[in-house]
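Per Swiss-Prot, the features are as follows:
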type	residues	note
BINDING	GLY232, PRO233, PHE234, GLY235, SER236, GLY237, LYS238, THR239	ATP binding site
Amino acid sequence: MEVNSKPGILKRIAGPVVTAVDLDAHMYDVVKVGNEELMGEVIKIDGADTVIQVYESTTGIRPGEPVINTGLSLAVELGPGLLTSIYDGIQRPLEVLIQKMGNFIARGVTAPGLDHEKKWTFKPVVHVGDNVVPGQIVGEVQETRSIVHKIMVPPLAKGGKVTKINAGDFTVDEIVIELDSGESFPMMQKWPVRVPRPYVEKHSPSIPLLTGQRILDGLFPIAKGGTAAIPGPFGSGKTVTQQQLAKWSDAEIVVYIGCGERGNEMTEVLTEFPELQDPKTGNSLMERTILIANTSNMPVAAREASVYTGITLAEYFRDMGYDVALMADSTSRWAEAMREICSRLEEMPGEEGYPAYLSSRLSEFYERAGLVEPLAGGSGSVSVIGAVSPAGGDFSEPVTQNTLRIVKVFWALDANLSRRRHFPAINWLQSYSLYMAQLNDYYDEKVSPDWNKLRSWFMEVLQKEAELQEIVQLVGSDALPETEQITIEVARMMRELFLQQNGFDPVDTYCDLPKQLDMFKMIRTYADLAYAAQAAGVPPSQILAVKAKNEMPQVKFTKDYKPVLDKIYAGMEAEFKALRA
C-alpha cells in the first residue's frame, strides 16, 4: 500500500544512511529507496530532509533516484508457519529467497514472512454467539508435531460477539472468524516490531529456566521470564553456550538471533538442530525453533531490525501462553551498528563512540522480557539471554556495563579457563544470579530441601580454594594445613566433576536436576568422610589416595548412573573405614 503518490528524491548517500528531500513521511515509516526499491526505514526528519537507514547495500545508487513511502511501520507477519523458519533481520524467509534467486541474493528482492499459499487446518475453540475480547484465543492449528499454534484476536481489535467461525483448511489470508462489530480476522496478524505487545500484568518470576548445564542450573540459575548476559572475549565459548541453551533449555519455543556474528555459526545451528531430539517431546529441536540469521557481512542497519524482529516473534508466542527463550548473539554487534549509524548521522558520540542513547536502547530490548499474564489469560514468559563480545575481554567497556545494569544474571566467560580447556568457561567467582532468593522455594519443593545448603557449601569451598591458590602456587599444597589440603582436593573435584561439562558427549551434554543433586551429594559425602578421617589422625596423603573417587567421573558419562553411584558410595565407606581402623 503506497500512500504517497509523489516520491521523494535522493539527495545524499553515506553508506547505509541516505537522505531524501520532499518525502511526506512519518518516523519509522518503511520506504523503498532508489530504482531497485531497497527497503529502508525513516529514522530522522529535519525540515524537508528525511534521513533513512537502508536494510540492504546501497552500492550503486545515486542522488536523483526516487524514494517511495509505503506509509507502513516495519512490521512482522505473525501466524502459522513461523516455526522451523530461517529469516533475515527483516523477516524475509531465506529459503524462499534462495528458491527465487539462488545462493547469491540480489538487492531489492523481497518475500512475505509467511507462506500465503499453504493451507493449515484450523480448529475453532469458540462458538457462534460467544463474546470474544482482544488477545483471546479463538482457534488452534497443529503447526509442528510438538507445538499447537493458537490463533488470537489481534490485540488492538474491538472484540464482540462471534457471528461466524469456520473450521477446516485455510491459508493465512482467508477469513476464519467474523464478529458483530463488523470485524473479521484471518489466521495471520501484523505487528510493528518497535512496539511491545500488550499484556494484562507482569509478575515476578519464580520458576527456573532449566538448561541442563550444571554450573547454570546449580549455581547461577535464570528464571523463566528473566534476563541474562554472557560476556566474554573471543574464543571463550559464548556461541557454544548460547547453542547449548537453545538446544536444552526447557522453554517451549526458542528464538535464536545470530546478530552480526559469523555465518559458520548459523550453519552449525542449521545442520545440528534438525538432528537433535527435544528431551521433553522426542521430536526434532528445529520444530520449536525460529532462526534469524543476520551475519557479520550483512548490512549493519538490519542488525538492529533483527533484534526487534526476534523479540516481537517471542512476544507473540508468549501471548499464546508459551515459555519462550530468546538468544541474541551478539548484542555488541548490534551496538556497533548503532555506533556506525550514529556517526553517519553526525550525532554527538558518547563513551567510546557509542551513541548517548545506548543504555536506553538496550533497556528497551531487555525490558520486553518477563513473566506476564497475557490478554488471553494464564501465563507466558520471554527469557532473554544476550551474548556480549567486549573487545579484548574488557568488561568495563560501555556495552557490557550498560547490559549489567539491566540484566539480573551474569555468566562471565573467562579466557583463562578456556585456555585450560575448562568448559563451559564460566568464572564461578565473577558470575552471579539475582534470582536465587526467588527460586529457593522451587528448589526446596521440587528437588530437595538440601539443595540450597549444598549450593552455599559448594560456593564457600570454591571461594576458599581461590584464597588458598596463591599460597599453593608459591610453596605447593604440601605446605598447607591438613584440613586445607583436603579443601583443595574437594574444590578440584567440584571443578572437574561438576563444573566442567562436555557439550559434545551424548550423555554429559544435558544433566537434569536429580542427577545434579546426586553429584552434589557424592562430592559432599567424600568431603565429610575425608574431614572425619583427618580429624581421626589419618594423614592427608592416604585420604587423597582413596581409589573410589577415581570412579566418580563415570557418573557424568553414564546414562543409568545409579549403580555406578552405589558402587562409589560402597567403595568410599569401605576404604575410609579401613583407614580409620
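Going from the start of the chain as shown, residues are counted 1 onward.
Yeah, the Cβs are placed from backbone N, Cα and C, and that goes for glycine too.
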SER236 (ATP binding site) CB neighbourhood, other CB atoms within 10 A: 26
Sequence-distant neighbours of GLY237 (ATP binding site) in its chain (C-beta under 8 A, six or more apart): LEU413, SER418, PHE423, PRO424, ALA425
Per DSSP, three-state class assigned to THR239 (ATP binding site): helix
Chain-mates of GLY232, PRO233, PHE234, GLY235, SER236, GLY237, LYS238, THR239 with C-beta within 8 Å of site centroid, ATP: SER389, LEU413, ALA415, SER418, ALA425
Fewest other C-beta atoms within 10 angstroms, as judged across GLY232, PRO233, GLY235, which are the binding-site residues: GLY235
Fewest other Cβ within 10 angstroms of its own Cβ, chosen from the binding-site residues PHE234, LYS238, THR239: PHE234
Assigned conformation of PHE234 (ATP binding site) - DSSP reduced to three states: coil
